[in-house]
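Here the structure comes first, spelled out in structure tokens, and everything after it is commentary.
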Amino acid sequence: MSDSRDPASDQMKQWKEQRASQRPDVLTTGGGNPIGDKLNIMTAGSRGPLLVQDVVFTDEMAHFDRERIPERVVHAKGAGAFGYFEVTHDITRYSKAKVFEHIGKRTPIAVRFSTVTGESGSADTVRDPRGFAVKFYTEDGNWDLVGNNTPIFFIRDAILFPSFIHSQKRNPQTHLKDPDMVWDFWSLRPESLHQVSFLFSDRGIPDGHRHMNGYGSHTFKLVNADGEAVYCKFHYKTDQGIKNLPVGEAGRLAQEDPDYGLRDLFNAIANGNYPSWTFYIQVMTFKEAETFPFNPFDLTKVWPHKDYPLIPVGKLVLNKNPVNYFAEVEQMAFDPSNMPPGIEPSPDKMLQGRLFAYPDTHRHRLGPNYLQIPVNCPYRARVANYQRDGPMCMHDNQGGAPNYYPNSFSAPEQQRSALEHSVQCAVDVKRFNSANEDNVTQVRTFYTKVLNEEERKRLCENIAGHLKDAQLFIQKKAVKNFTDVHPDYGARIQALLDKYNAEKPKNAIHTYTQAGSHMAAKGKANL
């Protein structure tokens, strides 16, 4: 029976076999003191109380009480691996970034795949966007390309992100996933139509992590050695081929093997079947951006490939599993603001918001010195700055070097060649409403030209199967949005909803307790 077990199932057995010639280590406390008895607490007599001096117990229990760190507010369930990025095509005419320096150059990478809305223990096979984040360890510091498996997103303005995520997570009173919340937000923000359509298509449930594409999604800026800049988008297409899970199979796996994606990735790498992705860019000049028919920084839209073809750049290859999940995957922290010279942000509103949000959440989750954690450390660059101290400072704290700038003592100096590309700005400063920036044209193309008839049928079935659990007035708003995309799109979904609603009558409205009313009433009763 053991011969048929996969590497993930046999991890403990393999660990023992790798150490077969070694004697077991001496068991110690966290402070390195040898332990004589790990099976029995120290008591005053066989039936007496525990003694405070049992430091073996207190050392063990105190550490156990603090094992968990805050869960990621999104992308909590994930799998990670390590490998390299190899340049196969020259793009130095676009970017001076050292990661693209010459053909054949290899850069170490770390990758984390994830679902978005589920908790850490949730299933890998739910219908949910997938995170696909890549950390490049370059000589000019880390480059974190924090992407997804879709080239688009639900919203285009970062201020909506907390509310969007709240709507996808659990109801604040029932603590249940709530279709009313999900579809109410989507129906009120029709810019979500493109991503919603992608999500409920066949690609909404990838077959594990190896068989899906990745996208930087945002628009970025590339700058070459002459200071010339272009806008770009990043794509990484799976070399294993796109594979998706049918709804029934995904449901079965969610029950029988909720860690399906994690297991599949670990076993593939352990068996030498290294997954890879071909890396591409799209490029748009500043002049083209000015005359583009829509906002080129809009995260709810794609750049047409016929106008902006994919330019091959290199390969992402994953060939090493993590040695310890917590140390190397749970503590892995991606930050879109980590950009080496040659790669810069665009005015994309969602990207601009993420530049702040990601490092901020890492400082909360992992501490202010999270970049000293080995998996996050830019180990191929020398970190030299004026940041000091803070909880969990694990290095030499930059020794006796000056901790202020400027100074007269040969401490780190700024490098003019690292200056960002300059941008001229003479515009009004205000809160611009971007809600109605053509939310349907590209969705219509997706529905009528990208999908075939069978795929359209499954898309509408998937949407109706989820939307049916929302209230009727929310269903009506959602169907109107789909009808705006294409009459056939809305009509199919409405017909399916009519069947569902005939089987199960809907309440007209839910009543929610006003905030604080229960506690207020209880307080008055006690007066």
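Glycine residues also receive a Cβ, built from the backbone N, Cα and C atoms like all the rest.
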NADP(+) site partner of HIS194, SER201, ARG203, LYS237, TRP303, HIS305, LYS306 (as recorded in Swiss-Prot), chosen from ASN213, ASN295: ASN213
Position flagged as N6-acetyllysine [Swiss-Prot], chosen from LYS105, LYS243, LYS449: LYS449
Which candidate, of LYS13, LYS177, LYS506, Swiss-Prot gives the annotation N6-succinyllysine: LYS13
From SER187, SER337, SER517, the one Swiss-Prot labels phosphoserine: SER517
Swiss-Prot annotation of motif 'Microbody targeting signal' - which of the ranges 76-79, 464-467, 476-479, 524-527 it falls on: 524-527
Annotation match for N6-succinyllysine in Swiss-Prot, from LYS38, LYS221, LYS301: LYS221
Candidate with sparsest Cβ neighbourhood (10 Å radius) among SER201, ASN213, SER417, the listed recorded positions: SER417
For LYS449 (N6-succinyllysine), the one of ASN148, LYS237, HIS305 that lies nearest, given that the recorded positions are compared by Cα: HIS305
Mean predicted confidence [pLDDT] for the motif 'Microbody targeting signal' (524-527): 45
Tally of DSSP helical, extended and coil residues in the region 'Disordered' (1-34): 11 helix, 2 strand, 21 coil
Cβ-Cβ distance under 8 Å to SER21 (phosphoserine), same chain, at least six residues away: none
Integer Å distance between the CA atoms belonging to LYS221 (N6-succinyllysine) and HIS305 (NADP(+) binding site): 18
